[in-house]
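Asks: Below: one structure in structure tokens.
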Amino acid sequence: MEPSSPQDEGLRKKQPKKPVPEILPRPPRALFCLTLENPLRKACISIVEWKPFETIILLTIFANCVALAVYLPMPEDDNNSLNLGLEKLEYFFLIVFSIEAAMKIIAYGFLFHQDAYLRSGWNVLDFTIVFLGVFTVILEQVNVIQSHTAPMSSKGAGLDVKALRAFRVLRPLRLVSGVPSLQVVLNSIFKAMLPLFHIALLVLFMVIIYAIIGLELFKGKMHKTCYFIGTDIVATVENEEPSPCARTGSGRRCTINGSECRGGWPGPNHGITHFDNFGFSMLTVYQCITMEGWTDVLYWVNDAIGNEWPWIYFVTLILLGSFFILNLVLGVLSGEFTKEREKAKSRGTFQKLREKQQLDEDLRGYMSWITQGEVMDVEDFREGKLSLDEGGSDTESLYEIAGLNKIIQFIRHWRQWNRIFRWKCHDIVKSKVFYWLVILIVALNTLSIASEHHNQPLWLTRLQDIANRVLLSLFTTEMLMKMYGLGLRQYFMSIFNRFDCFVVCSGILEILLVESGAMTPLGISVLRCIRLLRIFKITKYWTSLSNLVASLLNSIRSIASLLLLLFLFIVIFALLGMQLFGGRYDFEDTEVRRSNFDNFPQALISVFQVLTGEDWTSMMYNGIMAYGGPSYPGMLVCIYFIILFVCGNYILLNVFLAIAVDNLAEAESLTSAQKAKAEEKKRRKMSKGLPDKSEEEKSTMAKKLEQKPKGEGIPTTAKLKIDEFESNVNEVKDPYPSADFPGDDEEDEPEIPLSPRPRPLAELQLKEKAVPIPEASSFFIFSPTNKIRVLCHRIVNATWFTNFILLFILLSSAALAAEDPIRADSMRNQILKHFDIGFTSVFTVEIVLKMTTYGAFLHKGSFCRNYFNMLDLLVVAVSLISMGLESSAISVVKILRVLRVLRPLRAINRAKGLKHVVQCMFVAISTIGNIVLVTTLLQFMFACIGVQLFKGKFFRCTDLSKMTEEECRGYYYVYKDGDPMQIELRHREWVHSDFHFDNVLSAMMSLFTVSTFEGWPQLLYKAIDSNAEDVGPIYNNRVEMAIFFIIYIILIAFFMMNIFVGFVIVTFQEQGETEYKNCELDKNQRQCVQYALKARPLRCYIPKNPYQYQVWYIVTSSYFEYLMFALIMLNTICLGMQHYNQSEQMNHISDILNVAFTIIFTLEMILKLMAFKARGYFGDPWNVFDFLIVIGSIIDVILSEIDTFLASSGGLYCLGGGCGNVDPDESARISSAFFRLFRVMRLIKLLSRAEGVRTLLWTFIKSFQALPYVALLIVMLFFIYAVIGMQMFGKIALVDGTQINRNNNFQTFPQAVLLLFRCATGEAWQEILLACSYGKLCDPESDYAPGEEYTCGTNFAYYYFISFYMLCAFLVINLFVAVIMDNFDYLTRDWSILGPHHLDEFKAIWAEYDPEAKGRIKHLDVVTLLRRIQPPLGFGKFCPHRVACKRLVGMNMPLNSDGTVTFNATLFALVRTALKIKTEGNFEQANEELRAIIKKIWKRTSMKLLDQVIPPIGDDEVTVGKFYATFLIQEHFRKFMKRQEEYYGYRPKKDIVQIQAGLRTIEEEAAPEICRTVSGDLAAEEELERAMVEAAMEEGIFRRTGGLFGQVDNFLERTNSLPPVMANQRPLQFAEIEMEEMESPVFLEDFPQDPRTNPLARANTNNANANVAYGNSNHSNSHVFSSVHYEREFPEETETPATRGRALGQPCRVLGPHSKPCVEMLKGLLTQRAMPRGQAPPAPCQCPRVESSMPEDRKSSTPGSLHEETPHSRSTRENTSRCSAPATALLIQKALVRGGLGTLAADANFIMATGQALADACQMEPEEVEIMATELLKGREAPEGMASSLGCLNLGSSLGSLDQHQGSQETLIPPRL
């Protein structure tokens, strides 16, 4: 191929067009002196932008990290030669980095211009590190010089350098700037910082509140413990940590002989954990929120003050702090990821569009190039073939000559046979039989590996060895057959085959190495376990599973960048930890701290441990003790651990989950069409039983992969490819496809009520309809019409009966909980037994009744055909049997008694909401099946590897110096706490670890506890110390074993468990949506509509009394708010300043301050009560809260005063006497402790002030509302498990130092629930499990037989605790998360989309216009109201008036007769418009659909409200839309008139042509615009708007005038023409009214009005001034705009009958050429509707009379007696004038119909108003117009006239948006905003 081919040339030409990577634009000068031409700068630029330079720097950074890691920190700042060498190497790194920074600064400039060096965040980081490094070196030199002069100071100076040296650890962060995908992850996290900051505030706030409560309640309580009398030795039993005690009350007593309870103990954890002052209190609370070690704190507090109520404090803390607030972090992160991904997507789309054209060009070049290449390739190929063949023929002739024909034939035959064999082989390999055969071998392989265990017999070992070889040969055969059959290229195309090949080769290698003795059998046998991955071969025909596996593999790849970030993070903190704590975890006692920072691998493990959150607190305590204990420098250490924990555990680990949830959710949004397609394909495949993926499917998959968005961001990396994953997981949902595919039901059975397809909640709210009696007879004797059966049916379906049964279920459950588990024959149990009989009989009767009604089980619809009924039957049967079997076979009875616990489950069938949640759970479980399977397989694989590595190695002798069981005999000495004086003699025992890897089951159990993060460090260190089978441990023997655990934790615990959790969450969210699947509203729309329907206006109370008004003014001012805010903050500070052992003076001051604050807050309450009166005050929940707090505080003050007064006799506690032995410190005002809480509660008031936090709270409460059934389910779960626990484990003795002790046991129901709650938070649950397993000591009071005291507990504990933990951790807690994520999506959502949290603003602003909360305001105020509310809800203040009005017409609320609009209708219209709910298509139909939807979802909506927000069809009402339509037509007429004037230069003659032109204006301009507005198509509308404004500028139509809305386009142009000269004159008749002034609702009431007038018909003073000047009260403008007021300039102006008469719209003739009748338009629109016929229409407001500018004769010619006419005569005259224009009406109807406004054409009032406007525009009298219209009509054929008049009635459908019924146009389509 020639290089200079034309294609090549073309390609080269096109090449430059490719987008070049952007180079930083270089500033012309750097450092003020170096220009771009400067050689130094040129050199620097070329070096810095040279690609290898970056690589060199990255390598240097990497080398620096290695150097930092190799450094060995030593105690007491010792050093060795390695460390000294590394110190010297440090200088080299520093020089390299300094040079790099200097060159970059020279190249790019330092700071002052864009793109300078320091303008990039990463460079700032680099620069800081380099600068600190240089600074450290300088300081060190100074130190050296100083140490020569003054040796004493060296020690002190050296410390500063050490602190600065710690900054070196940030250098690895520079790797981030080199790896783009890392920056993406970080960017996503940074983006989430703002909402995370809100959450951090909320957490901080909670911590502060709880810390202060803790301080008030528990300070000084932790300092007493049990000492041996007369010594300072703490008295504890074996294995027990010292804990607080109490001399009185119900705290812990000292039971050990010779011990007493006394003070002087520093407290638990060396005095770090306590509530003595605010700082320690906060630390303790924070530790509890992290759910690590919180039970210890609870138990210590229980020991100190009794266990009656401290649990309330801790449980609420965990629920609010851990489950709720910390899960918000997850909500925020996943929201951010979704947003980032969407951004990347849209960015990608945009770029695609931009590059498309260019790509096309490039493509043409490339394509021609490639095709050319291919052609040449093929030609080459052919030539090669030919030459071969030719060669062949040559040789052939030679051979022929030699007579060697036979060989040739043999070769040919061989090729032929080879081909046949290959085909055969190919068919075999692809056949199903072969596949199942391979699966069988894999199963055998799995079996042989899984059968390995510790101490296995020799024959088994041999068998396994043989099996291993045989199976290996089989696998090799399979591999070779595949290679032969498929050909190498095709074979290696499949990833699975490559993997297979690797496994087989490693197996062969292993056998060779072991045989040759080059390697111990152990090390490589791990490879054998990798063979287990072959299990995944099963997935070949299980498509859903194989896709899940494929997507998981892909997602691992995409999470790689996150793992890299995690690794960097761990490295940095490990290095920092080494700098801070290296060599310091070296304490007086003999115990070795395993989690330390003494070398790099160990530091990595320690940081990783903190990251998983396991036992991080003990590491923090050690760190604090290393720096001198709980005092000044030591406490700073906790900052390191807290930052590490927060960033690592909350943020980075939640990012895992966020990515998982985000991708799952993203995949959920695959269109239902796609899902249906997949489902259909799957069904076809299943029916045909096709084995493999079709080619088409493969190609679609490949395409899908290519289509991944190319934007930046985790969004793409983390795309997890869960698209396929999800769609296929959806395919798995076989058991209940109906629950996942919209409109897809099971194949075999139609909808059955038992399928866990949740019933829509809407149906659940109302009572279900009774199930009819089935046709068949019941018990073969009762026919369907039998009276007894009918009666039973009536009873069973009665509400009272259901409630009665529910009550009995509750009572029987309570009875179960009340049983005494220890003393079986106690009095309590006897009484309960009788009750039990009663309950059982009631339930039996219920079941008999139901069976009589529905039949037993033979026919459809019978009792036993429903799962829930079967459950009922089981429970009742169990109760009956256990009552029968009183004494016999004890164990059977025991099990049956346990089964009674299922009773509460019967409530599920009765409470519909609960049933829905339960069904939801079933669906979730069925959906998760695949993930469980994959996780289990992985778990199994790791378990097998664990067995290979650790079987039989977890034994040890209690005396660590002995290594084997033989040596481990006899006794040995122990020095207690390293004290040579305390010597103990102990017996040597050979013990086995509780969790071990001796066989696969134990290994899986051990790994399961690791995956829950509980107790894994202990297991890890046992594994690291493990030596050989049956030999004791050696310290840090194989540190590399940590890799096994860390990989397991990352893969299973971080990744699989999070995918699992994500799945549960997504499933629950989906299930929540299925309820509303067919209601066509999405979640946000539902919430907004619900808000609009349920909201009520706020009462804005403004007192009338002047003094009260003054108070009200003060109380509602912002200064008052700030003052209270400051006072609450002060109060908080005062509360936080208290501490243990504070001086008397301090006590006195704090008491005085407390009284002072109480008085201030009481004053605030009194002032507010005065201002708002009781009704207004208690209307606000915050005020109620304030009130309670004030009352509580007052009681608190009174109590503490009494207490102080009685202090001499021992306080309140001792009023009844008998307090001689009370410790005054302990009586610490327990009675008033409760009321002291009120002091702290004031803090919560702060929440009502901060906006962001308030929104958080709002949602918080929302999510609580969403939780009731979920909470009920959790309560049920806890109840059932607690009762089972009491029955099973209640008899275990309480032994201090074990897990079942005085604080943690199953002996009473509350204790059992608390213990389960502890397990749910994961606090050492595996140790409780072990403490409950078989062989534990029995409680002395229980009824065990002699010699059986060690028979309590049962191995059922394993199933019990694991099932409970899984249910809790994966389902229940995730329900919390799901609910939270559902409710908190607003935190990260797009704020431009209207959401329910925006709607509060509407209520607040509405209240200003409607302070009495009547729910109505004048429709004129709506425009101002909506312009005050910012988008997305309102229009915002910059919305042009014309657009605002168009939007109003789109919203089109119904008007009441008094001209007001209602609150709910306006809000509903706003929501509907903003969210485009049913705004397209035929409008009446849309309205009806929306009404139906609302009735379906919100069944309890009153019809009155529904008619208010969506008026039913045929409702003849005036709407805002009418006004606008008329207004628009007038405006077009005005423009038309203006055009004519400008065209002719004078007023044209009155003729037919003009009227025709006017009608054309309706058809061609006005009608389409109204259509558009009405159909909500404002996108085109706003374009048009701009065009019109431009045209108007040219025409000079729109003049600016200061109206109500500030600068507004003046549409209200004069309608009568003036001589051209006067066209631009503007008499200065009215003042401008600014927007701000007008905003006050009071302002609108400032204008005097005629008391008789209707507010709606206000004077339309909004005419052009010239009209007023010429005495022309023109009312032809739309009433919507008639609210523009002008201030009167003429104080002498008075109202005369004449002006009023003129305003009434009578045809008052005025002399003069331009005169015209002032028929008021609003009459046509409103009066007829608003008033019953025959009543007088109300008079509109008067027009201000203008004196001076009107000629006398005109004035006098106005008949003065008009106003004396009777109402009747007025209305009749008006009616006659209205009905006198049939011809005009017909013409206008035609025009409207042609314009597509058939519905308006049917509205007589509208036609009349338009006729009037037409007359005005043409400047004719109506009579003149009528004459010309008649002529026009005559000119047309009659049939056409008929047709068009019919058309106006029939063509209503041509405009679906307007109402067909006459005049009802209230339901215009809201425009799109």
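We number each residue from 1, going along the chain as drawn.
Each residue, glycine too, has its Cβ placed from N, Cα and C.
Here Swiss-Prot flags 1-51, 484-494, 912-930, 1061-1118 (among others) as topological domain 'Cytoplasmic'. For N79, N257, N1141, the entry in Swiss-Prot reads N-linked glycosylation site, with the evidence type sequence analysis. According to Swiss-Prot, the feature topological domain 'Extracellular' maps to 137-160, 302-309, 624-633, 819-830, 951-1000, 1141-1148, 1201-1231, 1331-1356 (among others). Per Swiss-Prot, disulfide bond is recorded for C226-C254, C245-C261, C957-C968, C1338-C1352, and the stated evidence type is similarity to another entry. Feature annotation from Swiss-Prot assigns region 'Binding to the beta subunit' to 357-374; the stated evidence is similarity to another entry. Here Swiss-Prot flags 1012-1015 as motif 'Selectivity filter of repeat III', drawing on similarity to another entry.
Describe the structural context of each listed feature in the structure shown, including burial, neighbouring residues and relevant distances.
Replies: According to DSSP, N79 (N-linked glycosylation site) sits in a coil region rather than a helix or strand.
DSSP gives C254 (disulfide bond) a coil state; it is part of no helix or strand. Taking Cβ-Cβ distances under 8 Å and a sequence gap of 6 or more within the same chain, the neighbours of C254 (disulfide bond) are C226, A235, C245, E260, C261.
For the recorded site, C245 (disulfide bond), the DSSP three-state label reads coil.
Taking a C-beta cut-off of under 8 angstroms and a sequence separation of 6 or more, N257 (N-linked glycosylation site) has no same-chain neighbours.
Mean pLDDT for the topological domain 'Extracellular' (302-309) in the predicted structure: 90.
In the topological domain 'Extracellular' (624-633), the DSSP tally of helix, strand and coil residues is 5 helix, 0 strand, 5 coil.
Within the same chain, residues 1286-1287, 1290-1291, 1306-1307, 1339, 1341-1343 sit at least 6 positions outside the topological domain 'Extracellular' (819-830) and bring their C-beta atoms closer than 8 Å to a C-beta of that stretch.
For the topological domain 'Cytoplasmic' (912-930), the DSSP-based tally of helix, strand and coil residues reads 19 helix, 0 strand, 0 coil.
In the three-state DSSP classification, C968 (disulfide bond) falls within coil.
Long-range neighbours of the motif 'Selectivity filter of repeat III' (1012-1015) within the same chain, counting only residues 6 or more positions beyond its ends whose Cβ lies under 8 Å from a Cβ of the stretch, are 612-614, 995, 1049, 1053, 1322-1327, 1365, 1369.
Taking DSSP states H, G and I as helix and E and B as strand, the topological domain 'Cytoplasmic' (1061-1118) has 41 helix, 0 strand, 17 coil.
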Asks: Sequence gap of 6 or more, C-beta under 8 Å: which same-chain residues meet both conditions with respect to C1338 (disulfide bond)?
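Replies: Set apart from C1338 (disulfide bond) by at least 6 residues yet with Cβ under 8 Å, we have K1291, I1292, A1293, Y1344, E1348, E1349, Y1350, T1351, C1352.
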Asks: Can you grab the distance from N1141 (N-linked glycosylation site) over to N79 (N-linked glycosylation site)? Cα atoms, rounded to a whole Å.
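Replies: Cα-Cα distance, N1141 (N-linked glycosylation site) to N79 (N-linked glycosylation site): 44 Å.
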Asks: Using DSSP, would you call C226 (disulfide bond) helix, strand or coil?
Replies: strand
Asks: Applying a 10 Å Cβ distance cut-off over all chains shown, what neighbour count does C968 (disulfide bond) have?
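Replies: Other Cβ atoms found within 10 Å: 20.
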Asks: Relative to the Cβ position of C957 (disulfide bond), how many further Cβ atoms are located within 10 Å?
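Replies: By my count, 20.
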Asks: About how far apart, in whole Å, are the alpha carbons (Cα) of C968 (disulfide bond) and N79 (N-linked glycosylation site)?
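Replies: With distance taken Cα to Cα, N79 (N-linked glycosylation site) is 40 Å from C968 (disulfide bond).
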Asks: Helix, strand or coil at N1141 (N-linked glycosylation site), per DSSP?
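Replies: Note: N1141 (N-linked glycosylation site) is coil by DSSP, not helix or strand.
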Asks: Pick the one among the glycosylation sites N79, N1141 whose Cβ has the fewest other Cβ atoms within 10 Å in this structure.
Replies: N1141
Asks: Counting across all protein chains present, how many other Cβ atoms fall within 10 Å of the Cβ of C261 (disulfide bond)?
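Replies: There are 20 of them.
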Asks: Could you tell me what the rest of the chain brings near the topological domain 'Extracellular' (1141-1148), counting residues at least six beyond its ends with Cβ under 8 Å?
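Replies: Apart from its flanks, the topological domain 'Extracellular' (1141-1148) reaches 220, 276.
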Asks: Rounded to an integer, what is the Cα-Cα distance in Å between N79 (N-linked glycosylation site) and C957 (disulfide bond)?
Replies: 36
Asks: In terms of Cβ proximity under 8 Å, which residues at least six beyond the ends of the topological domain 'Cytoplasmic' (484-494) contact it?
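Replies: Cβ under 8 Å, 6 or more out: 421-422, 425-430, 501.
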Asks: By Cβ distance under 8 Å, which residues at least 6 away from the ends of the topological domain 'Extracellular' (302-309) in the same chain are close to it?
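Replies: Residues packing against the topological domain 'Extracellular' (302-309) from afar: 218, 221-222, 224, 243-246, 249-252, 1230, 1303.
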Asks: For the topological domain 'Extracellular' (624-633), what are the same-chain contacts with Cβ under 8 Å, counting residues 6+ beyond its ends?
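Replies: Counting only partners 6 or more residues beyond its ends, the topological domain 'Extracellular' (624-633) has Cβ contacts under 8 Å with 270-272, 280, 581, 584-585, 587.
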